[in-house]
Amino acid sequence: MKSESAAIDIPESSSVAKGKAPLIAVSRNEKGGYRKGIAIFDFILRLAAIATALAAAAAMGTSDETLPFFTQFFQFQASYDDLPTFQFFVIAIAIVGGYLVLSLPFSIVAIVRPHAVGPRLLLIILDAVALTLNTAAGAAAAAIVYLAHNGNSNTNWLAICQQYGDFCQKVSGAVVASFITVVIFVFLIVLSAFALRRH
């Protein structure tokens, strides 16, 4: 018995011969995965920023200390609402925390649709505004905390942290937490810029 093999030659198309079709498909998958990974990391950073912003606002808003001694006319007490700077801090950081909570759905949209430019562009603009507000509140409060710890001999402002230790610890912790939120916002903006970058 003779075994004959029949071979059929099919000519390659021009796109297969040049290798364009497989390269385009691979690059799209890599870009989508890359942007989706950025979007997931963005969502995690937003959750961390919510925690630090709300912790800063809560720590500052509950900072209150009354000294155990008093006179007939005076009771020695320190509270965040004694200083307008600390009041601004609580309001500004609460606004930033509220914005971060409201930005979570847009971050989820960026995960589901990693190629969508609109939500990412909106987030980068609003993140920059929130970063500015957060930095202003943190810097203003940091100046007052510095005076509370060290005073100012030129103006005869005395340091109060020797007497109001718990108060100073709370407001210092609130300022540190607000600057951690600032650092997270910087990472969020850089991530959004990478996600919007076109190859």
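Quick reminder: no glycine exception, Cβ is built from N, Cα and C everywhere.
Annotation source Swiss-Prot lists topological domain 'Cytoplasmic' at 1-37 (among others).
Taken from Swiss-Prot, the feature topological domain 'Extracellular' applies to 59-87 (among others).
Here Swiss-Prot flags 109-120 (among others) as topological domain 'Cytoplasmic'. Residues 31-32, 35-36, 38-40, 42-43, 192, 195-196 of the same chain lie 6+ residues outside the topological domain 'Cytoplasmic' (109-120) yet bring a C-beta within less than 8 angstroms of a C-beta in it.
Annotated topological domain 'Extracellular' per Swiss-Prot: 142-173 (among others), in sequence order, evidence recorded as sequence analysis. In the topological domain 'Extracellular' (142-173), helix, strand and coil residues by DSSP number 18 helix, 2 strand, 12 coil.
Among the features that Swiss-Prot reports, topological domain 'Cytoplasmic' is placed at 195-199 (among others), with the record citing sequence analysis.
Sequence-distant neighbours of the transmembrane segment (38-58) (same chain, 6+ residues past either end, Cβ-Cβ under 8 Å): 89-90, 93-94, 96-97, 100-101, 103-104, 107-108, 110-111, 114, 123, 134, 174-175, 177-178, 180-181, 184-185, 187-188, 191-192, 194-195. What Swiss-Prot lists as transmembrane segment is 38-58 (among others).
Residues annotated as transmembrane segment in Swiss-Prot: 88-108 (among others).
Summarising the annotation, Swiss-Prot assigns transmembrane segment to 121-141 (among others).
The feature transmembrane segment is assigned by Swiss-Prot to 174-194 (among others), with sequence analysis given as support.
Here the topological domain 'Extracellular' (142-173) returns a mean pLDDT of 83 for the predicted model. If you look at the topological domain 'Extracellular' (142-173), the same-chain residues 6 or more away from its ends with a CB under 8 A from one of its CBs are 59-60, 62-65, 67, 76, 78-80, 83, 85-86, 179. Applying DSSP to the topological domain 'Cytoplasmic' (109-120) sorts its residues as follows: 7 helix, 0 strand, 5 coil.
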